[in-house]
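Among the features that TrEMBL reports, region 'Disordered' is placed at 1-21. As annotated by TrEMBL, transmembrane segment applies to 59-77, 89-122, 142-169, 181-200, 220-239, 251-269, 275-291.
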Amino acid sequence: MASASPPVALPSPTPSPRVSRDRWRWPRALLILPLPLLLTFQARRTGVVSPLLDRADPLVVSMLVVLASGLWCHVLAARLHRNGVPRVVAAFIVAGPGLAICAVGTTDLPSMIGMALVVVALDGYLRFVVEGQTLGGFVAGITLAGAAACDLATLVYMAALAAAVPFLAGTWARQARATTAILAVLAFPSVAVCLGWLYVRWRFGAGPLAHEPPASDFDLVGGAVAAISGLSHCLLYVASAAAVARHRRGALPAYLLPIAVVALLVAVGASRSTLVINLFFTAVALTAIRTPLVRREWLTLAALAAGQVGLVLTWPP
């Protein structure tokens with residue numbers, strides 16, 4: 001008589017751990033933005049522009065501008081080339097708009113250095129927040145601290161990058177407490193530089209931000225006009241915004257945040273030259289490209305860059 005074989009006990013499937021969501025990541029990210037604005041507003045009222053370069057030799061500052069500009073062009077051109085754009089075309093797309101603005105206007109040198117460092121930080125920021133590369137976070141945090149030392153107003157850019165984290169973060173960054181850790185990596189170096197500078201002013205000066213006669217009041221209308229003027233002269237940014245709205249709607253608020261940042265900076269008295277505003281918008285537009293481009297797409301980018309050059313030369317901002 002055949003005996004029935006004993007049933008084989010199958011292992012019960014192990015339930016995958018639930019990923020807890022961080023419901024408070026939005027307030028923590030957005031509440032960072034007003035603090036650098038208040039500090040920048042008070043610093044401009046007391047005549048402070050750059051903690052590191054206010055008393056530096058003009059020749060040294062000019063040399064730093066040249067180095068920062070080269071670094072800015074190299075980072076963006078290398079990103080475009082990695083995405084399938086030929087080197088010559090990538091160099092034209094990056095350098096063309098900036099050279100056109102230089103031909104029709106002047107710029108504040110510390111702001112130019114700070115902006116170049118912000119562009120470098122933006123590349124590391126996206127690698128950290130979107131792709132989860134820890135090294136990108138360290139690059140972004142340290143570079144933003146260097147930018148804050150050269151131009152105090154770049155603290156607002158740091159806060160804007162922090163505010164954009166919930167819109168851009170990948171799945172790994174939406175877990176509980178992940179946003180807090182990301183904000184700490186991005187903000188701690190800049191906060192340390194700022195607190196150290198305030199301590200030096202308090203220890204060896206009249207006070208951290210000694211009050212002097214105010215330069216100007218909060219001018220939101222002037223800030224909006226400056227942002228719209230810069231936006232109307234940056235075809236690359238407008239076209240890239242349309243592409244983001246079509247393919248990545250969830251990231252659109254983060255992409256439009258630079259417009260508000262420029263308006264608020266000008267409103268609090270941190271005057272942004274046409275060159276700095278144009279370079280900022282152009283850098284955001286080119287950094288937003290995350291996938292390889294086919295021939296038709298990079299030819300369209302080159303045509304937009306050429307149109308932007310012609311627009312600036314014929315209709316100076």
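Keep in mind that glycine also has a Cβ here, set from the backbone N, Cα and C atoms.
Comparison of 59-77, 142-169, 181-200, 220-239, 275-291 by number of C-beta pairs under 8 angstroms to the transmembrane segment (251-269) places 220-239 first.
Simply put, out of 59-77, 142-169, 275-291, 275-291 has the most Cβ pairs sitting under 8 Å from the transmembrane segment (220-239). In terms of C-beta pairs under 8 Å, the stretch of 59-77, 142-169, 275-291 lying closest in packing to the transmembrane segment (181-200) is 142-169. Through the fold, the transmembrane segment (59-77) approaches residues 53, 87, 90-91, 93-95, 98, 109-110, 112-113, 115-117, 119-120, 123, 150, 279, 283, 286-287 of its own chain, all at least 6 residues removed from its boundaries and within a Cβ separation under 8 Å.
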